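Accompanying notes for the structure given below.
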Amino acid sequence: MNYRDTMKINAAGHLEIGGCDCVELARQYGTPLYVMDEEYVRSVCRAFKQTIEKTYGSGNMAYASKAFSCKAIYNVMKQEKTFIDVVSGGEIYTAASVGFDMSGAFFHGNNKTDGELELAMRTGVGTIVIDAADDAERIDTLARRFERVQNVLVRVNPGVEAHTHSYIQTAKVDSKFGFSVSSGAATAAIKDVLSRKNLHFSGLHCHIGSQIFDRSAFALAVDVMTDYMRELAGEGIEVETLNMGGGFGVHYTEEDPKYNVDEYCDYVSLLTRTLCECVERKNLKKPFFVIEPGRAVVGEAGVTLYSVGAVKDIPGVRKYVAVDGGMTDNIRPALYEAKYEAILANRANDEAKEKVSIAGKCCESGDIIIKDICLPEAKRGDLIAVFTTGAYCYSMASNYNRNAVPPVVFVRGGKSGYAVKPQTYEDIARLDAIPQTE
């Protein structure tokens with residue numbers, strides 16, 4: 001088990017996070033419950049920022065907020081002085097609502113709506129990332145209306161295939177994201193931007209995928225991108241900003257490497273060293289450097305607490321331990337066949353001697369959170385903690401079966417508080433209506 005910085009088993013044999021006993025958290029806030037280690041989030045942000053400053057100088061990290069988005073996390077990023085990456089009107093609205101300086105926001109998306117682009121203009125989003133053939137025309141028209149010159153990046157597809165799940169590869173040739181460099185589509189998009197008075201071409205963006213452990217893929221992407229920068233320079237086009245996206249892998253199970261914060265910084269150092277070497281060797285002007293970590297910032301900060309309910313033993317086949325959550329609060333096992341680790345948080349020192357499958361409560365046979373895990377003999381009322389649920393769990397939660405989305409609690413220094421309050425059945429039904437069709 002990969003216990004993070006503030007995680008430990010206390011004298012009572014309970015899992016403790018951020019100085020808070022998980023049994024007490026479950027008693028106070030109920031289950032299912034997302035628990036986020038705020039200090040870990042902050043420490044990763046600081047480490048990324050300091051590494052960029054130390055090894056490169058001109059740059060920043062932009063938190064990829066699709067991983068986990070709410071007012072509290074944007075407030076943390078505001079305090080830590082990071083940039084943010086937003087991908088929807090909802091994320092723009094939420095970030096702006098806490099007073100985040102939206103000049104430090106990068107607005108992504110392969111199909112931005114007119115309403116989202118207008119909201120981006122009204123809230124002062126600093127950079128919009130061009131990712132569709134008509135983006136430049138639409139953004140230019142809006143920028144004229146708002147009497148501003150809008151900074152844009154062009155998202156390019158460098159053709160670097162990272163070794164990860166096919167659903168989260170984003171830089172392969174067949175992808176809905178980005179303009180192909182090899183086909184000439186990227187250069188055509190850039191020249192379209194340059195022809196428009198109310199757009200300023202700031203630079204390039206790429207993102208090769210997610211949950212990547214192969215560091216050579218990142219180095220190769222930098223080399224390919226700087227080759228393209230050199231090609232553009234030959235046509236008199238300057239790249240002021242190079243945004244390399246994110247994709248740093250995190251530890252879910254023993255199959256994955258265990259990285260501490262320092263090792264994440266090694267990822268960043270590899271990128272900056274490679275970029276410095278490429279810029280010098282290819283005689284390029286040093287660009288402002290941006291990375292967009294999301295999962296690496298919040299993934300391992302999160303733990304989900306569940307209460308054990310029914311236990312079903314099928315002799316000679318399998319034993320199911322059912323919990324009070326499931327695919328509505330963590331769709332990743334059903335969607336990606338994602339794997340997780342877990343413990344009994346109220347009996348963490350007990351010997352794990354039973355192989356079981358942790359089943360969710362949804363009316364779906366595929367609602368299995370973890371298949372074949374060794375735990376102590378679990379009984380109704382026990383507390384299960386599933387690790388590394390800070391990214392893409394709350395953000396992908398649903399009301400399937402009319403289940404409520406669990407609350408999110410931040411813990412730090414022995415204190416806890418709601419980051420997202422619990423959803424009620426009234427909340428679920430509030431927007432329902434009975435149409436007058438008769």
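Cβ atoms are placed via backbone N, Cα and C, with glycine included.
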R332, Y336, E364, Y392 bind substrate in TrEMBL, but which of R273, R281, R295, R430 does that record place at the same site? R295
For the pyridoxal 5'-phosphate site that TrEMBL gives with E292, P293, G294, R295, Y392, which of G234, G236, G247, G360 also belongs there? G247
Nearest of the recorded positions to E292 (pyridoxal 5'-phosphate binding site) by CA-CA distance, picking from K66, R332, E364? K66
Which entry in the list of binding-site residues, E292, E364, has its Cβ near the fewest other Cβ atoms, using 10 Å as the limit? E364
I need the CA-to-CA distance for P293 (pyridoxal 5'-phosphate binding site) versus K66 (N6-(pyridoxal phosphate)lysine), whole Å please. 10
Near K66 (N6-(pyridoxal phosphate)lysine), which binding-site residues out of G247, R295, R332, Y336, E364, Y392 have their CA within 10 Å? R295, Y392
In whole Å, note down how far the CA of G294 (pyridoxal 5'-phosphate binding site) lies from the CA of Y336 (substrate binding site). 18
Would you mind reading off the Cα separation of G247 (pyridoxal 5'-phosphate binding site) from E364 (substrate binding site), to the nearest angstrom? 31
Between C-alpha atoms, which of these recorded positions comes nearest to R332 (substrate binding site): G294, R295, C363, Y392? Y392
